[in-house]
Amino acid sequence: MNNRVHQGHFARKRFGQNFLNDHFVIDSIVSAIHPQPGQAVVEIGPGLGALTAPIGERMDRFTVIELDRDLAARLEKHPTLKDKLTIIQQDAMTIDFAALAEQAGQPLRVFGNLPYNISTPLMFHLFTYTQSIRDMHFMLQKEVVNRLVAGPNSKTFGRLSVMAQYYCQIIPVLEVPPEAFKPAPKVDSAVVRLVPHAELPYPVSDIRMLSRITTEAFNQRRKTLRNSLGNLFTPETLTELGINITSRAENVTVEQYCRLANWLSEHPAKQE
């Protein structure tokens, strides 16, 4: 039997589809999410409903976002879910989550077993809506979770670490082996909880500056900051801002990156 076929559906590589089928893992994720009736719950990529069905047992209504038209059609006909679901057949990268929260009249609780080929850009998309989100629970490649929670002075600390920690508190929930899926991915997975900060610990006046600085620094992570950020800051400015010019991108804390971003916002002439 083709191991890409599960419950009569052929897993599509272009959508990065791996379907969760381990009941212990499913129960653990649902318990971690702990959805309550009346909350504005949104699932990204429900697939064959491994999480959708048990979440549906606890909810009167909730929303799912599914790009695959065949899977969306299955959910529309699901005997116990069809009357509970608002199905949005659309790419989650194009969704206005602030509009969904406004329609719901409350912040969203977002969860999903994210396709690994879009998980990082999708999280960056969601970070722009954190004021409209209460929390997020995602199944991700374990390596991505390691990057999310990484601290400075580690090889896994990167732009994703800085931007995620700027917006959210990040809590690993559980690790998931490949055999919990069909077809089994070639990597380990993990579930993570992201809770947007009620108040940003290190607010920046222009998030584009933080994005630009972290992109330039980590795209040249083996260079010293004197070189990787040389087109934005003089060595003297870096020193005045408390940055060691001989350090590298992974040696700088989230707070220090935010300090750099705010300085750059206040000195627009330096951005040329």
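Here the Cβ of each residue, glycine as well, is placed from N, Cα and C on the backbone.
Not measured: the values here are computed from a predicted model.
Feature list (source: Swiss-Prot):
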BINDING   ASN18, LEU20, GLY45, GLU66, ASP91, ASN113  S-adenosyl-L-methionine binding site
Assigned conformation of GLY45 (S-adenosyl-L-methionine binding site) - DSSP reduced to three states: coil
List of residues, in chain order, with Cβ under 8 A from that of ASP91 (S-adenosyl-L-methionine binding site) and at least 6 apart: LEU67
Site of maximum Cβ density within 10 Å, from binding-site residues ASN18, ASN113: ASN113
Among LEU20, GLU66, which are binding-site residues, the residue with the most C-beta atoms within 10 angstroms of its C-beta: GLU66
GLU66 (S-adenosyl-L-methionine binding site) - helix vs strand vs coil (DSSP): coil
